[in-house]
Amino acid sequence: MYPYSDADAFRRQPERAKSSQLRTSAVDTRSAFARDRARVLHSAALRRLADKTQVVGPNDGDTPRTRLTHSLEVAQIARGIGAGLDLDPDLCDLAGLCHDIGHPPYGHNGENALNEVAAACGGFEGNAQTLRILTRLEPKIVSDEGESFGLNLSRAALDAACKYPWAKTNADGSVNKKYSAYDEDAEILAWIRQGHEDLRPPIEAQVMDFSDDIAYSVHDVEDGIVSGRIDLKVLWDLVELAALADKGAAAFGGSPAELIEGAASLRELPVVAAAADFDFSLRSYAALKAMTSELVGRYVGSTIESTKKTHAGIDVGRMHGDLIIPETAASEVKLLKTLAVLYVMDDPGHLARQNRQRDRIFRVFDYLVLGAPGSLDPMYRQWFIEADSESEQIRVIVDQIASMTESRLERLARNAADISGFLG
């Protein structure tokens, strides 16, 4: 395994030894990263992902994937890639578990709505909210002075969770669209990034990112097929495929030719051809599961092999080495991701559903602002009262909304509408 250092396992806030161990208890022999993973696994923030949208909402269909089930799948894939590359598997696993922990209700639609209402405090970004939850909002470690350190994860764990390891605003004043830290959290990010000589994410974060792409593309396509939104026969319809490739390249980058090549290589796989005949029978469900299993193994195995070949003789870990994704795997994953996203987006009810979701977020924001601090939960109420500016107060309100489940947000939106109607 890669030789992780004491600095990698260092935590921002020193912790006292546990005092409640039974005298007969065995000494805790877990590594720092195993403890980190346990903290994420037992966090309320992770549990709340069970009631947050993945591609379709948690209440659409009998067994749709949620942000939580998606995160568990990402963690399992990341753990496998990490083990294959001799990285710490717990470190890769926890990066997968918490990669979406900052996502608000309604996924990217909710993220865009919150970014609008958060303009006065610098905007909203799901990846930056992940860091904020891990280092501030999730209650675990609090200093004697009352400062929250969130889960107080190790440096390497936080680094593995940072997909875009830079703050919103650059030194020259330019602004990044994607980032892993709000400007007010830049000091925390600087502590995390000690030892890095460039802006590349550590290889554990690269593993998490590609594992997310694998899970998103393969498993969410499975959900789309079962829900009737996706038909794999499009891979053989060259006219529709060309239009889809154009949309996918515009949405995710690359060229249409790359996506068409991905479709061509997928057509050659017997498991894909078998799954394309999905008819809701027992045999077709089994064929679909066979396809998802084989595709995940295909992308994991080829990426491990390519990375090992490129870095032969080198200890890969942290800021040493990059994940090498074969071109065929990359093009297939991008094509499947296009299928998963665009067919849902083209659903006639999708735009109307998104508008309703945005309206709920705006309504709850207004309700909390007008009633603050009394309208806030006790923990957020305390932060609101202690805030030094209106901008900081808005950030606290946005933090609370982002942490809500969709069910709770919808209940609060109904209450806000009832109060608004009563007041005229």
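Positions of Cβ are set from backbone N, Cα and C atoms, glycine also.
Feature annotations, courtesy of Swiss-Prot:
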REGION    1-27  region 'Disordered'
COMPBIAS  8-18  compositional bias 'Basic and acidic residues'
DOMAIN    67-217  domain 'HD'
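In terms of DSSP helix, strand and coil, the compositional bias 'Basic and acidic residues' (8-18) has 0 helix, 1 strand, 10 coil. Sequence-distant neighbours of the compositional bias 'Basic and acidic residues' (8-18) (same chain, 6+ residues past either end, Cβ-Cβ under 8 Å): 28, 31-33, 135, 141, 143, 149, 152-156, 188, 191, 318.
Taken as a whole, the domain 'HD' (67-217) shows an average pLDDT of 97 in this prediction.
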